[in-house]
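J.: Supplied in structure tokens, the structure appears directly below.
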Amino acid sequence: MRETGIHNTAASIATSGLKEISAVFYNLGAARLYEETVRRGEAELSAQGALVARTGQHTGRSPKDKFVVRDADTEDHVWWDNNKPMSREAFELLYADFIDHAKGKELFVQDLIGGADADNKINARVITEYAWHSLFIRNLLIRPEQEALASYVPEMTIIDLPTFKADPERYGVRTETVIAVDLTRKIVLIGGTSYAGEMKKSVFTALNYILPAKGVMPMHCSANEGPNGDTAVFFGLSGTGKTTLSADPTRTLIGDDEHGWGEHGIFNFEGGCYAKTIRLSAEAEPEIYATTQRFGTVLENVVLDENRQPDFDDGSLTENTRCAYPLDFIPNASKSGKGGQPKNIIMLTADAFGVMPPIAKLTPAQAMYHFLSGYTAKVAGTEKGVTEPEATFSTCFGAPFMPRHPSEYGNLLRKLIAEHKVDCWLVNTGWTGGAYGVGKRMPIKATRALLAAALDGSLNDAEFRIDPNFGFAVPVDVPGVDTSILDPRSTWADKAAYDAQAKKLVDMFVTNFEKFESHVDHEVKDAAPAIRIAAE
């Protein structure tokens, strides 16, 4: 076995059972990985020097093909309603077949870290079949100092073999694609998909399982820090403005997707960003755009023209086009990946029903209720001629990555909010003046002004009213913001239509929350919107 690159010789990939490998490349940097990628015909270069790869049939994650090993250790700690079980026997068989499939191949190894907090990190070794996957994960996770590599010992291992095709009958899986997570032994096997995001989310899944047992809250969120050291956390599902609103030139970006909250404050799990690029422009998002114009960035499923110029408006391969780059490609990014205890938590929603106010203040119990609900609304595709919005509830703002029961994360969040006296806000970046198709999108200028007032503390001094449907506190007047949009009902021409729409959304919240009723106390139950409606 030919081995190249700095690594701990006492912890080679042979310790994972990988033998009879043609060649192993450890911890190669970007330039070497570019050479290997092009030599192997895996990707091409853009005119500006980014590496451009296509992922084939899988242009997004495959949540239905993800399995968690069910054993004595995980039996009582994993939320099996949301995680598909795999038997220990099936996993061992799959693992043996992965080892067999890797024989004779060239493999790429990156020894990386998940978690910027030394007390709460995990050494994650990622072994990949493709050179471009090695660069992708090197960009996304935290890279140890060069001198630390010779003594690096992995605590978690991901083996990523896109050319492996799973036999559904043999392993009890659904398709040829498989993501098998062994939380007890900290091994992840990824096969039958070239979508690189699966590797990143596997580390997130592991930390989401490990950290709550240590009293540390894992979060699917972005985070930034103000000039006075005040940290803000932004929860939100895809399309709610999480990346856009946390990328503020006046504040330091801690990270854009995955963080932990522990005794020392907020810390990033990652060392890079994985940003959507569909319809990306230099005018709207200059910092993200700039990363796509340089060497070292990986562009995923972005279409190039004959001159190798990226066309970010072309969604012919997928709408889920992405770029992966190290955090230090962003000028105002944190070098430490850490921030203090948060002063504000923002829960973002894009309410396409046009019912919710642009901002509301939440009590700790309401924050837990809305965190467990994880609400946003998607707008149906116009090609189907459907104008009715579709409510989406993804608990903890990231259900696919949460191995434990949501109430564990919810209780931990509520405890930390109370302990550190954090102000919590619900911010609606969706529709005002009517539902989607009638109303208009909430003006981004208004959202930014409300957010700025929340973050600098001035919004706490405003006069508030209690929303009759949701029971949270809504400011009556905020300097620089049109007062009319603060009361969503007043923006609707047809008040009866608003009331009917509000009741419809409230009912959706209530129905969705039924599965959590037995896991929460009376305070959180009382934070439900239906209580207010019933009382009137």
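Backbone N, Cα and C define each Cβ position, glycine as well.
Annotations per Swiss-Prot:
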- Arg61, Tyr195, Lys201, Arg322: substrate binding site (BINDING)
- Lys201, His220, Gly236, Leu237, Ser238, Gly239, Thr240, Gly241, Lys242, Thr243, Thr244, Glu285, Arg322, Thr447: ATP binding site (BINDING)
- Lys201, His220, Asp257: Mn(2+) binding site (BINDING)
J.: Applying the rule Cβ within 8 Å of the centroid of the Cβ atoms of Lys201, His220, Asp257, what extra residues of the same chain belong around the Mn(2+) site?
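T.: Here the non-site neighbours turn out to be Lys200, Phe204, Glu258, Gly398, Phe401.
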J.: Within 10 angstroms of the C-beta of His220 (Mn(2+) binding site), what count of other C-beta atoms is obtained when all protein chains are considered?
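T.: Around the Cβ of His220 (Mn(2+) binding site), 24 other Cβ atoms lie within 10 Å.
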J.: When you measure from the Cβ of Thr240 (ATP binding site), how many other Cβ atoms are you left with inside 10 Å?
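T.: There are 24 of them.
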J.: Listed substrate-binding residues Arg61, Tyr195, Lys201, Arg322 - what's their greatest C-alpha to C-alpha distance in Å?
T.: 15
J.: Cβ within 8 angstroms of the Cβ centroid of Arg61, Tyr195, Lys201, Arg322: which residues besides those meet this for the substrate site?
T.: Gly60, Ala196, Gly197, Glu198, Lys200, Tyr274, Asn320
J.: Work through the binding-site residues one by one (Arg61, Lys201, Lys242, Arg322) and point out the residue whose CB has the fewest other CB atoms within 10 angstroms.
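T.: Relative to the other binding-site residues in Arg61, Lys201, Lys242, Arg322, Arg61 has the fewest Cβ atoms within 10 Å.
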J.: What is the number of other Cβ atoms found within 10 Å of the Cβ of Gly236 (ATP binding site)?
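T.: Other Cβ atoms within 10 Å of Gly236 (ATP binding site): 25.
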J.: Going by DSSP, is Gly236 (ATP binding site) sitting in a helix, a strand, or coil?
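T.: DSSP assigns Gly236 (ATP binding site) to coil.
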J.: Have a look at the binding-site residues Gly236, Lys242, Thr244, Asp257 and say which one has the shortest Cα distance to Arg61 (substrate binding site).
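T.: Checking each of Gly236, Lys242, Thr244, Asp257 against Arg61 (substrate binding site), the shortest Cα distance is to Asp257.
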J.: Taking every protein chain shown into account, which of the binding-site residues Ser238, Thr244 has the largest tally of Cβ atoms within 10 Å of its Cβ?
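T.: When each Cβ's neighbours within 10 Å are tallied, Thr244 leads.
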